[in-house]
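Per Swiss-Prot, the feature N-linked glycosylation site maps to Asn206, Asn302. Under the heading topological domain 'Cytoplasmic', Swiss-Prot lists 1-57, 116-128, 232-244, 350-355, 404-484, citing a curator's inference as support. Annotated topological domain 'Vacuolar' per Swiss-Prot: 79-94, 150-154, 200-210, 266-328, 379-382, in sequence order. According to Swiss-Prot, the feature transmembrane segment maps to 58-78, 95-115, 129-149, 155-175, 179-199, 211-231, 245-265, 329-349, 356-378, 383-403, an assignment based on sequence analysis.
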Amino acid sequence: MSEEKLPLLSPLNENDIENDYKDENLKSDLDKLSNVKKQSIIQRFKDYLKNSISKQTATVLVYVVLYILSGVINSLLLKKVMNVFTNYGFFLNQLTNYGYVPIFGAIVLYKILFTNDIPKDTRSFPQWKFVIMGALDAVTGYFVVIGGIKTTGPLQQLLNQSVIPFTMLLSFIFLKERYSLIQLGGALIIIGGVVVSLIPSLTGGNTSGNMLFYNFFYLISMIPYAFSNVYKAIGFSTVEDMDVWYLQYFDALYQSLVGTVLFPINNWLPPPSDMKFNQVIPQLKAGGKCLGGINTLIEQYNSTTGELLPTSCNYGDNLGCDNCHGAWVVVLIYMAVNVLYNVFILLVLKHAGATVFSIANTLRLPLTNIAFSFKFIMGSDSNPFSGLSVAGLCIILLGLGGYRVGSMIKQKKEAAASADSSSNTENKVIPKVFPTQFGEVSIIIKKKVPPKSQTHLRNQFFGKLGITVPESKLRNQNSIYGDQ
């Protein structure tokens, strides 16, 4: 039985061609429909954003995101700079003080010569007030830089939040400020979170990068900073519109001068920040070399055996050796980011207000600590999370949230209690270029309300009685009693 052989190529009939043509058209139509749907979804999303978010809101969001981003980078770079200058803390303190004087001075000079932003009234502001503020900020900066050398980045961020309870206490004493139970509860929770964060240092556990003495040295910086906050509320309460660059220049100038005379404290500090009186000039010279990328403290080996000498750095408990390669690059980038960071603070405060600024500050804290744990960002300076560090972070965030909510509720109640509250109080925010950003506290400055005259009180009394006093009668009363 022979098999019927089929042709390799069977002829196509008209129906097959027509079906294939229809399939191709259908596929093309489906592709077009899919593209139309994708375009319509994207367009609808764009229209939604355009209708729901105004140009002003979008601008505020951009400023807030840039503030948070620059704040995180600023904290990371600061710790990088501290680690580079571990052996030259006093030099680093002078660098972070004097480094801003020419920058702010150039801006102020330009404004005085080519703009009207700094009128004569501003220039006549008492210099002694700048001196006091600069002195307080100098002490704060000194403790921050010296203590921060042996305090890890994540712990620095947590300790910064302790300025809130310190400022609340001093505001209660000097400004007669009263706080709600929610605010007090938030402050107590923050204190609890700080204590939890310090447990590894207190118990001698995993303290890589931390020294208990310098952890508390860093924590002490919150006290003069809290005093500075309160002083600004007192000394600058009469200032209507102080040019921020003018203020920053004189604050940085006096902070630098006062910071220079703080070197005797180093005489009693433990390594690596100890410095005898006769070592001040050599320390400054070695710090300057480190800024230029030249190592002074290097490993010393026995020429015969090749072993590390007991007197060498990196031997046992001796000081670590210098690692100054590219130090000037890190410092320049840090100072540039720090200035931009403070500009974004001003923009957020101006366009969004203190409430949004507080929320952004709260968001910045966990993001910074997370960034410190990434090795691809911090390299050998990274600090992996531990159970206690996570617990401390969560507790402090809970306390910050409580404090912020309590502050907003308190302000709303005060506004509702008095129709004139907006004219009697204001949030006075005086930015300050510090090496790091502390926990933010709203200082309420109470404006002085002028006393009411006798005429005003008489008219108010008659009005409550429903008596309308003729204007001619009022003029006679004014001439007899006079306004006081």
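Cβ atoms here come from the backbone N, Cα and C positions, even for glycine.
Stretch with the largest number of CB pairs closer than 8 A to the transmembrane segment (58-78), among 95-115, 179-199, 211-231, 329-349, 356-378: 329-349.
Every protein chain considered, the tally of other Cβ atoms within 10 Å of the Cβ of Asn302 (N-linked glycosylation site) stands at 11. As a quick check, the transmembrane segment (95-115) and the transmembrane segment (329-349) clear the bar of 3 or more Cβ pairs under 8 A, pairs 6 or more apart, so the two touch. A contact between the transmembrane segment (129-149) and the transmembrane segment (356-378) is absent, since fewer than 3 of their C-beta pairs, 6 or more residues apart, lie under 8 Å. With respect to Cβ pairs under 8 Å, the transmembrane segment (211-231) is most closely packed against 155-175, considering the stretches 155-175, 179-199, 245-265, 329-349, 356-378. Same-chain residues lying 6+ beyond the ends of the topological domain 'Vacuolar' (150-154) with a Cβ under 8 Å from its Cβ atoms: 75-76, 79, 86, 208-211, 213-215, 218, 272-273, 368-369, 372-373, 378, 381, 383, 389, 393. DSSP labels the residues of the topological domain 'Vacuolar' (150-154) in these numbers: 2 helix, 0 strand, 3 coil. The transmembrane segment (329-349) makes contact with the transmembrane segment (356-378), as judged by at least three Cβ pairs under 8 Å among residues 6 or more apart in sequence.
Secondary structure at Asn302 (N-linked glycosylation site), as computed by DSSP, is coil. When averaged over the topological domain 'Vacuolar' (79-94), pLDDT in the model lands at 92.
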